[in-house]
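One structure, as structure tokens, below. Some questions next.
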Amino acid sequence: MIALSYKAFLNPYIIEVEKRLYECIQSDSETINKAAHHILSSGGKRVRPMFVLLSGFLNDTQKDDLIRTAVSLELVHMASLVHDDYIDNSDMRRGNTSVHIAFDKDTAIRTGHFLLARALQNIATINNSKFHQIFSKTILEVCFGEFDQMADRFNYPVSFTAYLRRINRKTAILIEASCHLGALSSQLDEQSTYHIKQFGHCIGMSYQIIDDILDYTSDEATLGKPVGSDIRNGHITYPLMAAIANLKEQDDDKLEAVVKHLTSTSDDEVYQYIVSQVKQYGIEPAELLSRKYGDKAKYHLSQLQDSNIKDYLEEIHEKMLKRVY
């Protein structure tokens, strides 16, 4: 008998998540309906719902609570994307126009708020105070991450610690919460809950570092946004930090000087120069950092009891660390 892949196993549950996402974004406001449908219909990998479901399936669980949790965390993620695109003035998201471009900035802000409110409303019936403490803290961290990102724009130098804090709040915290809340919903034992939570954190960190690498190495058709979007929006990420450090070791301070004087109105040639230097000097150390977190994630996964669900998590782990988009 051929074993199911994680996608085949999760497919009926992801279909249910998708159905409930569309139910959750219905409102009395035609404008919000259209804007929320715009972001939802642009697709997405549904990474967070997958981790909620698989973490919950490590033990017997109430599937309705798991679905609710998966839907709500995806709504939080969607809200953060809408707000991020507005803050960065990014025109594109997954190959489609961003909400603030397709509609307007006020609509984007209100749509993000609406999605957060729906996320909270959707899990209100879950009777577990620890669950709600974790969920609300996660939303706070995501909000702090948006403030971090605004504060760090065109603000070189950025410390390594500040970068790690930012990507934790931007990405890893939601994946960690997906694993943690899934385990909590299934009443998984304390030790296994710790390891699946840490797995979520580490793979989330690795995932975002890869995202930062791809921003320099991929192409617009694959990314659904222009190459070098991060630096064009003033975001100093690890590939650039590593490139600057490597060049300084060779007594070459030109890249650092360029980044220090970078503004939102800098010429396109300046950005092209930065991208070329990062490709040459910053990608390998960033890949090493991503693998470091990937190895930590693999360790925590190895501490879980053997099962088909663990195999699915290992499959996702391998795929996420080899992704090209």
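In case you wondered, yes, glycine gets a Cβ from its N, Cα and C as well.
According to Swiss-Prot, the protein has these features:
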BINDING   Lys45, Arg48, His77, Arg94  isopentenyl diphosphate binding site
BINDING   Asp84, Asp88  Mg(2+) 1 binding site
BINDING   Asp84, Asp88  Mg(2+) 2 binding site
BINDING   Asp84, Asp88, Arg93, Lys170, Thr171, Gln208  all-trans-hexaprenyl diphosphate binding site
Go through the binding-site residues Lys45, Asp84, Asp88 and tell me which ones have a CA within 10 A of the CA of Thr171 (all-trans-hexaprenyl diphosphate binding site).
none
Among all protein chains shown, how many Cβ atoms are found within 10 Å of the Cβ of His77 (isopentenyl diphosphate binding site), not counting that one?
21
Which chain-mates of Lys170 (all-trans-hexaprenyl diphosphate binding site) that are at least 6 residues away have a CB under 8 A from its CB, listed by sequence?
Ser80, Val142, Gly145, Asp148, Gln149, Gln208
Around the C-beta of Arg93 (all-trans-hexaprenyl diphosphate binding site), how many further C-beta atoms are within 10 angstroms, looking at every protein chain?
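Result for Arg93 (all-trans-hexaprenyl diphosphate binding site): 23 neighbouring Cβ atoms inside 10 Å.
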Measuring Cα to Cα, how far is Arg48 (isopentenyl diphosphate binding site) from Asp84 (Mg(2+) 1 binding site) in Å?
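The Cα atom of Arg48 (isopentenyl diphosphate binding site) is 18 Å away from the Cα atom of Asp84 (Mg(2+) 1 binding site).
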Taking Lys45, Arg48 as the binding-site residues to compare, which has the smallest set of other Cβ atoms within 10 Å?
Lys45
If one measures from the C-alpha of Lys45 (isopentenyl diphosphate binding site) to the C-alpha of Arg93 (all-trans-hexaprenyl diphosphate binding site), what distance in angstrom results, rounded to a whole number?
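One finds 13 Å between the Cα atoms of these residues.
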Would you mind reading off the Cα separation of Asp88 (Mg(2+) 1 binding site) from His77 (isopentenyl diphosphate binding site), to the nearest angstrom?
16
So the record assigns Asp84, Asp88, Arg93, Lys170, Thr171, Gln208 to all-trans-hexaprenyl diphosphate. If I measure every Cα pair among those residues, what is the longest distance in angstrom, as a whole number?
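Of all Cα pairs among the recorded all-trans-hexaprenyl diphosphate binders, the widest measures 17 Å.
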Over all shown protein chains, what is the count of other CB atoms within 10 A of the CB belonging to Thr171 (all-trans-hexaprenyl diphosphate binding site)?
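For Thr171 (all-trans-hexaprenyl diphosphate binding site), the 10 Å Cβ neighbour count is 23.
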Between the Cα atoms of Arg93 (all-trans-hexaprenyl diphosphate binding site) and Asp84 (Mg(2+) 1 binding site), what distance do you get, rounded to the nearest Å?
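Distance (Cα to Cα, whole Å): 10 Å.
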His77 (isopentenyl diphosphate binding site) to Asp84 (Mg(2+) 1 binding site): how many Å between their Cα atoms?
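Rounded to the nearest whole number, the Cα-Cα distance is 10 Å.
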